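Listed in Swiss-Prot for this protein:
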- 183: active site, proton acceptor (ACT_SITE)
- 44, 83, 115: Mg(2+) binding site (BINDING)
- 44, 45, 83, 113: 3-methyl-2-oxobutanoate binding site (BINDING)
């Protein structure tokens, strides 16, 4: 585990960018543990990327706890943030405390992330901080509210919408959130929010002026050939690499070339 103040210190704003990667499993977490990446997010996006659902809504707290435990085993020295899934904190302050407490106790994660910037959410953030649970906020396109937004659309485009997002970002910061994810908002708004709030902003489709960036590991590795949102840069093409390797294995099994002498006892 790493010190939160070394990675998400407000003093680093505008100086050193923060790199965050979303991961769900032991094997990839172990690789991330060998890299200089600053932090790992165990996101409820696993509902779509790992489980094949059309949204994050079906993901349960038990599933998030399971995956966060697995990632911690693979990356014991990384700063790990775990998403609290849909309806694990929205029903009451008490439920939010229980869910966040379970996540911290049972997974050994370093912080939790919750979506939204309402008065209720800000109150929950403040209370969680008081009892010793660091909270990362999340504004813009908040996937747990996808039905309210009418799909995965860019948020904060109008004057009223952008002003509301800025107010919520300031409120989250003042309530004690140590960092805020900004998802799918105009780059200019991402810059403005980053300048206005006193904590690091982590962007995903929020422009280059955020204090850091986050991408899903599967996405940046190019595991899904059909997934290409505008904000995504693929740093590899693992879809083709994996497909070619499996086809080679299949051909060698069919031909009898594998297993050969080197792979037999």
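One-based numbering along the chain as shown.
Heads up, the Cβ atoms here are built off N, Cα and C, so glycines get one too.
Excluding 44, 45, 83, 113, which define the 3-methyl-2-oxobutanoate site, the same chain contributes 22, 41, 42, 43, 46, 56, 59, 64, 82, 84, 85, 138, 143 within 8 Å (Cβ to the Cβ centroid), listed in sequence order. Straight-line distance linking the Cα atoms of residue 45 (3-methyl-2-oxobutanoate binding site) and residue 115 (Mg(2+) binding site), rounded to a whole number, equals 13 Å. If you measure from the Cα atom of the residue listed as 'active site, proton acceptor' to that of residue 115 (Mg(2+) binding site), you get 11 Å. Long-range C-beta contacts of residue 44 (Mg(2+) binding site), restricted to its own chain and to partners at least six residues apart, with a cutoff below 8 Å, comprise 56, 59, 64, 83, 84, 85, 86, 143, 144. For residue 115 (Mg(2+) binding site), the same-chain residues that are 6 or more apart in sequence and have a Cβ closer than 8 Å to its Cβ are 121, 137, 138, 139, 142, 143, 144, 145.
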